[in-house]
């Protein structure tokens, strides 16, 4: 298997190419598979990402750092990076996995990426693995807000309203549809002060509330800047209309 193109995309060339080949080998293909490398890579990845976040975001507390890290190393994030690296083109899968589309499966691709991190660690040590992880993650971190990454819509809406001293939203289930085993909930979310009223649906009350909160947040983020602008304009207008106090010395001089 020619892995030159993948090594170029990784920005790292293995001194022991067999480690990379093993990292790309699923257990359905061979007994010499990537699961041990995946175990190792998972730990290296968590440590390197924690180190990177600690250095980049000095104002985030422990809870926020943990939240951001969890979102960066979860399966979906690893899957998206694996797609960017085109790992599906280089995976070694058994015949059954190939036929079932295993090369597209998020779990298999995410595991392979962790195994590659483990392989780099064995090939050249922690510094090399950390350099690879930084190369993969820095472009992602430049496009996200660490203060909001991983927070759900209800939390974001609540924090936004609290930040502008607006009363919290109200959620009410207004309808349920379908049979008991496949119900759909419809939830109303209102922000009375801003006259926002939206509706969300979902397979559970929580999912419906999240859907409604997302719509409400979109509306609130449009309205609040307009209200702030209007409020500033009104304050400026009142200031301009106030009469200037008369200088008493000037008044005396005029009388003379």
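Even glycines carry a Cβ here, placed using N, Cα and C.
Remember, it's a predicted structure, so these values are computed and weren't measured experimentally.
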Matching residue for the Mg(2+) site, where Swiss-Prot names 111, 114 - out of 35, 38, 188: 38
Annotated stretch (region 'Disordered', per Swiss-Prot) among the listed ranges 201-228, 229-256: 229-256
Per-state residue totals over the domain 'RNase III' (3-125) - DSSP helix, strand, coil: 88 helix, 2 strand, 33 coil
Distance from residue 42 (active site) back to residue 114 (Mg(2+) binding site), taken between C-alpha atoms, in Å: 6
Extra residues within 8 Å (Cβ to Cβ centroid of 38, 111, 114), Mg(2+): 34, 35, 37, 39, 41, 42, 110, 112, 113, 115, 118
Cβ packing number for residue 42 (active site), 10 Å threshold: 18
